[in-house]
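Features of the protein shown, as given by Swiss-Prot:
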BINDING   HIS38, SER55, TYR126, ILE127, ASN128, SER143, HIS212, PRO213, GLU214, THR229  iminosuccinate binding site
BINDING   CYS100, CYS186, CYS279  [4Fe-4S] cluster binding site
Amino acid sequence: MVQLALKEEKELTKEEIKELQKEVRRLAKEKNAVILAHYYQRPEVQDIADFVGDSLELARKASQTDADIIVFCGVRFMCETAKIVNPEKKVLHPNPESGCPMADMITAKQVRELREKHPDAEFVAYINTTADVKAEVDICVTSANAPKIIKKLEAKKIVFLPDQALGNWVAKQVPEKEFIIWKGFCPPHFEFTYKELEKLKEMYPDAKVAVHPECHPRVIELADFVGSTSQILKYATSVDAKRVIVVTEVGLKYTLEKINPNKEYIFPQSMNYCGTVYCCTMKGITLPKVYETLKNEINEVTLPKDIIERARRPIERMLELS
């Protein structure tokens, strides 16, 4: 049954899912492997993880683990980050094709060119960047800690990359600094429109609205709360409201309902296909792929030593200031 699932990547029955999950956990114990998963992963993948979290939480866990193998259920830049903070560990990525479109919207060469134009600026990279780009910047941030960290920086000028939505949101909270913001974006978050959210608010006038800062500025204007995935999780499950409209990737719904099933979490219907607020690359990691990767110890993440050394500094600086 397991072999059939691996060959065809067919939709698994509940029994097949349970069987495969047990086998993954057995292998993890046998190989001293830790499985890390982002909130946007499929429910059956989240269920086999030792830890589920957002980018900041996962970076911390990756840096603290004593496991021999890290199986990272997330997109490519997350796996690279795990390798950077744990270069001696074997980091495995269940689907090497699962990249992040936003991370690919800026290159190391473009960062170097920006350095020449803005030599007096502090270069701040969203964690959603490639290892090559991290190696060129001064510090990394996540959506959970960006305002806090940037307020602590001595530089008056900030070059923020690559996410324009997060950059604009942070700039409003840190008005004392000058921002030069790259024009990258997260397609699923940024393509969700003001009009779509207005319609949802009209349909559910009693609902609170929680929005991820990767969303368009006009969408953010309609929010009762703006925060990272983990911050939205805390807000939505504890706010004094029976309904919460949640504008982030639909994978979070699974965790929300597990923590507080007494609330109604409303996600736009357009999330049902690879489009608005549905991350196809996150969903590209399947339970059979996790099983095959761990069983055969394939899809290992490798990076040049000099990139690891240079990219580690901005990540460690972020963790120190968080």
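In case you wondered, yes, glycine gets a Cβ from its N, Cα and C as well.
This view paints the features noted in Swiss-Prot onto the structure.
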residue : record                        : CB count, 10 Å
HIS38   : iminosuccinate binding site   : 26
CYS100  : [4Fe-4S] cluster binding site : 21
TYR126  : iminosuccinate binding site   : 29
ASN128  : iminosuccinate binding site   : 26
CYS186  : [4Fe-4S] cluster binding site : 27
HIS212  : iminosuccinate binding site   : 28
GLU214  : iminosuccinate binding site   : 29
CYS279  : [4Fe-4S] cluster binding site : 24
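Nearest in space to CYS100 ([4Fe-4S] cluster binding site), taking C-alpha to C-alpha distance over the binding-site residues HIS38, TYR126, ASN128, HIS212, is ASN128. Take the mean position of the Cβ atoms of CYS100, CYS186, CYS279, the recorded [4Fe-4S] cluster site; other residues of that chain with a Cβ within 8 Å of it are VAL75, PRO101, MET102, ALA103, ASN128, PRO187, PRO188, HIS189, GLU214, GLU249, THR281, MET282.
Across the fold, the C-alpha of GLU214 (iminosuccinate binding site) and the C-alpha of CYS279 ([4Fe-4S] cluster binding site) stand 13 Å from each other. Between the CA atoms of CYS279 ([4Fe-4S] cluster binding site) and ASN128 (iminosuccinate binding site) there is a gap of 14 Å, rounded to the nearest whole number. Residues HIS38, SER55, TYR126, ILE127, ASN128, SER143, HIS212, PRO213, GLU214, THR229 are listed as the iminosuccinate binders, and the farthest two of them sit 17 Å apart at their Cα atoms.
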